[in-house]
Amino acid sequence: MIPPKYRQLTVSRPIYSEDLFKEEYEKVQRHHKTMLDHLKAYFSCSKQKAKSVALTLLPIASWLPAYRFKEWIVQDMISGVSTGLVSVLQGLGFALLASVPAGYGLYAAFYPILIYFFFGTSKHISVGPFPVLSLMVGAVVNNLVPTSINATDVTLNERRVTVASSVTFLVGIFQLGLGILQVGFIVIYLSQTLVSGFTCAAAVNVLISQLKFILGISIDSPSGPLSNIWVLRDIFTQLHKTNIADLVTSIIIMIVVFVVKELNDRYKAKLPVPIPIEIGHSICLCGNILISNVSSSFGIRYQAPVAPDFEVLKNSVMDAFSMAIVGFAIAFSVAKVYSIKHDYVIDGNQELIAFGLSNMFCGSFKGFAASTSLSRSAVQESTGGKTQLAGLISALMSMIVILWIGFLLYPLQKSVLASLIVINLKGMLMQLREVPYLYRKDKPDCVVWIVSFIASVLLGLDIGLAVALGIELITVLFRTQYPRCEVLANIEGTEIYKDKKDYACVFEQEGVKIFRCPSPIFFANIDFFREKLTAAVGFNPLRILRKRNKALRKLKKLLKKGELQVTSRGLVLANAVVLSESEDDLNPEELDKPVNCKDFPVEINWNDDLPANIQVPRIYLHSIVLDFSSVSFLDISALKGLKALFKEFIRIDVNIYVTGCDSYIIEKLEQCSFFDNEIKSSIFFLTIHDAMLHIQETHPQTTRPNIGDNVKLSPYNYLFNNAIGL
């Protein structure tokens, strides 16, 4: 068998321009759907479509009948119990981030799962409180109900719960509305780099917010830009008031949990199941409760649904929208990872609807905003969970705590919950390690990460997200507005064309420039495209055109006065002539027109010396090949700019050829009257090599690459019937 590097492919075919290719191969006429066609299809109705819509809106109807009860029920139960233990503890802990009493975190761990069980499309994510989202809720709560107001603890807590639940309801409305409008694609504008920097910054915000509980000191919780700086200032000024018992308890718990998690990570290949540190958490909490020896009731019970506070809704619109986007982006990214791993499909629009209904339902029962937790989802998947039945069982764990053992949680130290929150931030904080990698591999992405992180830490998560999105869009515009343009050359002995700066054995044909722009061409970069092309060819075509028209006008004037004579040797001055530099009689618009030498008695060679010391820049370029294989679209501004640029080159006898152009773009050029008596459709060729062989036919005197006996042909060598001996 011949090794791959020695294999050769020989193709024999004519030189194809786009016009010749269309003549030889008939193109299928397809009907392109209009917006009206899409609307008709969307609003059409049939039995099959009604069934499909019903199964889409209620995914449980498709997976529950196919549930393998004997095979999956045990695994789902084990997964549900394990996830439930984590969910209860995280619900209690994340309630501190949301600035509401810890017991209300159990509602956030219970209600959203009930709705997602019916409407969600992911089989493995654990729906419930998420630290970033909880912190964003807490920022709104602290802003609308600051601790400095005069109120009893009970009244203050009730007001805070009302704010948190109302904001959650509004988050659900936004998510439901986006889902109904089918804009689940909105998550694509949150890149992985942006989400990484944002979540890492959120972890720092969470860490700072929990320091007061770990240290056992009492400080205000300011909100808004630079709030973290004020919190750190207050913590350092009151550091001498640290509660040693809280600090020691927190340190012990964090050390134990950290060690066990490290052991799980290091020996995960050898351990049949991870060490259940969540059960250890529960034991620690029970021990803490028994030592406290307090028997007061925690007051956790199911409560009747309440309507949201419309004053809160009015004051938290932008915050709620930010939370809706962030919560969905995190949940969808986690769900996508598991859907790829286990080979099933998730629907972004249906996920928006599911989370929207979940948050509306949760907010009605005094819970706070839900998304998914990376750690909980990892537990649910790694312990064998097959479907959202595991999530339903984890919700039952929360229900047991709410109904029967919630009163035992009253004496629980906040430092215990804070330490559990902080130690679980390790994964998000370790994302800082991505910065050196991004700096080496992709500096614009590194800028997005750093700006996202710094803005979210200093300005708050809501403003930080807006700033990060702005910077990300700027980097996208920067990449498209200033693409890396290349001048290509032929790899000797092949039909391959590469950047001439990257290879040694390249041949650049005399009188020809091959230029590639690997980007869409539109209003923002058409001027950049022009600048790069003129820099590549070494002259400004419009300047050359004007110089030639001025020179022609001067020559005609001399000929008319008899000071210039036509001889067998060409143009000869009869007498010494001093030409005036005055150009008052020249019309600028006339200078931009094609050089008209029809009524001139001899043909002018603009690269020769002209009489009367008339100076015109010489150019030795006769053809430009533009590689449009990477140009995905052109807008109207780009079309007008390209048309003007092409005409400038054509008017100074430099031919333009375009290769690899998408058929959609050619159709658009035809529709927009791009072609005329100067710009012909025949300038479009299938490949660069087709255009180069055509140029060699039309300019046979040009030096050609030595593709002969002394050069080994490439693995993909074209042999054309009429390729001038190649």
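Using N, Cα and C of the backbone, Cβ positions are placed for all residues, glycine too.
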Check: Any idea which of 352-369, 640-657 is down as transmembrane segment in TrEMBL?
Finding: 352-369
Checklist line | Rounded mean pLDDT for the residues that make up the domain 'STAS' (502-695) | finding: 86
Note to self: Could you check whether the transmembrane segment (169-190) packs against the transmembrane segment (320-340) - three or more CB pairs closer than 8 Å, residues at least 6 apart in sequence?
What the structure shows: yes
Notebook entry, point to check: By a Cβ-Cβ criterion of under 8 Å, what residues six or more beyond either terminus of the transmembrane segment (132-149) are in contact with it?
Noted result: 94-95, 97-100, 156, 159-160, 163-164, 167-168, 198-199, 202-203, 205-206, 209, 220-224, 227, 312, 315-316, 319, 322-323, 326-327, 330, 368-371, 460-462
Item checked: Positions on the same chain near the transmembrane segment (320-340), where near means CB under 8 A and six or more residues out -> 121-125, 127, 130, 132-133, 136-137, 167, 170-171, 173-175, 178, 184, 186-187, 190, 192, 195, 198-199, 313, 346, 348, 351-352, 355-356, 359, 369-372, 374, 377, 381, 461-462, 465-466
